[in-house]
Amino acid sequence: MRNLPIGVFDSGVGGLTVARAILDLLPHEPLYYVADTAHFPYGTKSIAEVRQYGLAVLDRMVADGVKLLVIACNSASSALLRDARERYDVPVVEVIQPAVRKAVSATRNGKVGVIGTPATIASMAYDDAFAAAPHVDLTTAACPRFVEFVEAGITMSDELLECAKEYLAPIVERGCDTLILGCTHYPFLAGAIALVVGDEVMLVSSADETARDVYRVLVSRGLTRPASAPPPVHRFAATGDPEPFSRLGRRFLGPEIGHVTTL
């Protein structure tokens, strides 16, 4: 069990931000990353659709063998986390609570913004997560096209900046000093987002906090791979055409991505 990989799941390349954080924190651990590109994007689909597609992929990953699952997708975390934790014997880590914890501790004026896909914002998953911090003044905003820009390999352009100004207007007007990037694709757009909201606003990505959660769970359950073990072998797969994911993945993650298989 200790030598099985950590499973990381997303609809596309966004979860690679989480994968990178896990690789940096746990370099001895192998990863099994699956992108459900056949059903991308999740952010514009209904909760029922995301649950159906996501659980089908997670079923396959568990059958293939993983010691822990990371749902590295905010839309999927909000739609199927409870089902996944009831369905599988392996621990399941998600990305919403880690980001909320970090934002609550980071805000200075108590005004926190959350941006995400339409599905994530409509689910009110972040509203529910912040219920335990009633002193926080929360502002949420959907950013429908951000994921499309990332999946097209665009991280800075005039069109992107115009979209960002429109989407982020409620955050700026409210005076939020902390902004949760509530989609794992969004850290790739951090430069454009910072240009709009200003350098004084702290951008919170769930990636590093999620990696720490993975570490804590592995240690508490005795699932860490021995440091003396051979170098890990990572596996990457896509449910759709693997070529676009492979091309973008190498750009965003680096040489760790080798051959991408079709799931």
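These residue numbers are counts, starting from 1, taken along the chain as shown.
Cβ atoms here come from the backbone N, Cα and C positions, even for glycine.
If you check Swiss-Prot, you get these features:
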- Cys73: active site, proton donor/acceptor (ACT_SITE)
- Cys183: active site, proton donor/acceptor (ACT_SITE)
- Asp10, Ser11, Tyr42, Gly43, Asn74, Ser75, Thr184, His185: substrate binding site (BINDING)
Chain-mates of Asp10, Ser11, Tyr42, Gly43, Asn74, Ser75, Thr184, His185 with C-beta within 8 Å of site centroid, substrate: Gly12, Gly14, Gly15, Pro41, Cys73, Ala76, Thr117, Thr120, Val147, Cys183
Spatial neighbours of Cys183 (active site, proton donor/acceptor) that are distant in sequence (at least 6 apart) but have CB under 8 A: Gly14, Gly43, Cys73, Asn74, Ser75, Ile115, Gly116, Thr117, Thr120, Cys143, Phe146, Val147
Cβ packing number for Asn74 (substrate binding site), 10 Å threshold: 33
In the chain carrying Thr184 (substrate binding site), residues 6 or more apart in sequence that have Cβ under 8 angstroms from it: Asp10, Gly14, Gly15, Leu16, Thr17, Val18, Ala72, Cys73, Asn74, Val95, Ser205, Ser206, Ala207
Mapped DSSP class for Asp10 (substrate binding site), helix or strand or coil: strand
